[in-house]
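Feature annotations, reproduced from Swiss-Prot:
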BINDING   Leu121, Gly125, His126, Leu127, Ser355, Pro356, Phe357  (6S)-5,6,7,8-tetrahydrofolate binding site
MOD_RES   Lys230  N6-(pyridoxal phosphate)lysine
SITE      His229  site 'Plays an important role in substrate specificity'
Amino acid sequence: MFSKQDQIQGYDDALLAAMNAEEQRQEDHIELIASENYTSKRVMQAQGSGLTNKYAEGYPGKRYYGGCEHVDKVEALAIERAKQLFGADYANVQPHSGSSANGAVYLALLQAGDTILGMSLAHGGHLTHGAKVSSSGKLYNAVQYGIDTNTGLIDYDEVERLAVEHKPKMIVAGFSAYSKTLDFPRFRAIADKVGALLFVDMAHVAGLVAAGLYPNPIPFADVVTTTTHKTLRGPRGGLILAKSNEEIEKKLNAAVFPGAQGGPLMHVIAAKAVCFKEALEPGFKAYQQQVIENAQAMAQVFIDRGYDVVSGGTDNHLFLVSLIRQGLTGKDADAALGRAHITVNKNAVPNDPQSPFVTSGLRIGTPAVTTRGFKVAQCVALAGWICDILDNLGDADVEADVAKNVAALCADFPVYR
């Protein structure tokens, strides 16, 4: 029998030390990885609840196990809030991740060997959009589109040309490193021209979409997926959305369970429900507006300091800095910034001469720092410190000076007060 007073402390101190060290790292490092954010304590409370004990294969009202009357209410709340938040007619809250949500979409609507047209990983797409190392590139005939390297914008004429040439069963619109606004009506028109399904992966911008600050793909796409973390600021998980289409809804449900997953993670679904409720609050739009303003201000600092920002700026929460002209690598820049307690990620840029393990760029995002309370003034200062380190890469004195500034800023803006 377990006791309600059981604690990790004193039972598994090695694990607790690692957990505490990570929590401290989050407090005393500045987080600029575009896909990371901080959840509320309410989200954490749901994830740490007794719901983790309950198996609930199936869907609300149609379970394969008994005792699901309460978790049915939990999942129903999450579904209804997701639909309300994004203006969707259908929502599946069970996918364990964004990648599993994408995999379920492919399983539901494609046959092995079908052609998909997605954005190249090297140009800002995601692994699950047809990269050769991913199952999406192994199970399906993946054709890749990219950006115009002169403008840094998606070349929609190329997308259309490739669609006409290859006749894909599905066109995938979405990204992991693209800072401009996707043209969903154009994607829809191209899909209709060749008789393709349009699948939008809005994982990175879901929070902006929910706040009405980025175009909503639901009216244009046959199916939409997202993660529930990143800009949405919830637990790590996936979500599938669609407008009303009974045939597609049945296929999607069957693809998630039993097609791709067994029992849903009810504690995570509860945390998703909390996240959606938080995103429906009026203050969420102000947060997302600040995310965009902070990203735009930071991008301008890099431009003013002589760095190339891919696409010339940003419309959303992230931007890419190319270091090719400076002769620097993303790997070295990432490491130097890490020593100053600034966390970013190295990232490939268009026409990158380096390998994906080295790269010539950095991806920078503002969701996490905005959650801490950073405004434009703090983000401008932060971008300047990053440029100082890049201008003097490997200079320990510069790194130490920046680290002191970072420590002071983190102390002024704790993650959890």
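Just so you know, glycine gets a Cβ as well, placed from its N, Cα and C.
Across the residues annotated as binding (6S)-5,6,7,8-tetrahydrofolate (Leu121, Gly125, His126, Leu127, Ser355, Pro356, Phe357), the widest Cα-Cα separation comes to 16 Å.
Of all the recorded positions listed (Leu121, Lys230), Leu121 has the fewest other CB atoms within 10 A of its CB. In this structure, the recorded positions under consideration are Leu127, His229, Pro356, Phe357, and the one with the smallest number of other Cβ atoms within 10 Å of its Cβ is Phe357. DSSP assigns Phe357 ((6S)-5,6,7,8-tetrahydrofolate binding site) to coil in the three-state reduction, outside any helix or strand. If you take the C-beta of Ser355 ((6S)-5,6,7,8-tetrahydrofolate binding site) and look for same-chain residues 6 or more apart in sequence within under 8 angstroms, you find none. Classification of Leu121 ((6S)-5,6,7,8-tetrahydrofolate binding site) by DSSP places it within a helix. Long-range C-beta contacts of His126 ((6S)-5,6,7,8-tetrahydrofolate binding site), restricted to its own chain and to partners at least six residues apart, with a cutoff below 8 Å, comprise Asn102, Met119, Gly174, Phe175, Ser176, Asp201, Ala203. Across the structure, Gly125 ((6S)-5,6,7,8-tetrahydrofolate binding site) and His229 (site 'Plays an important role in substrate specificity') are spaced 18 Å apart at their Cα atoms.
All protein chains shown were included, and the count of other CB atoms within 10 Å of the CB of Gly125 ((6S)-5,6,7,8-tetrahydrofolate binding site) stands at 25.
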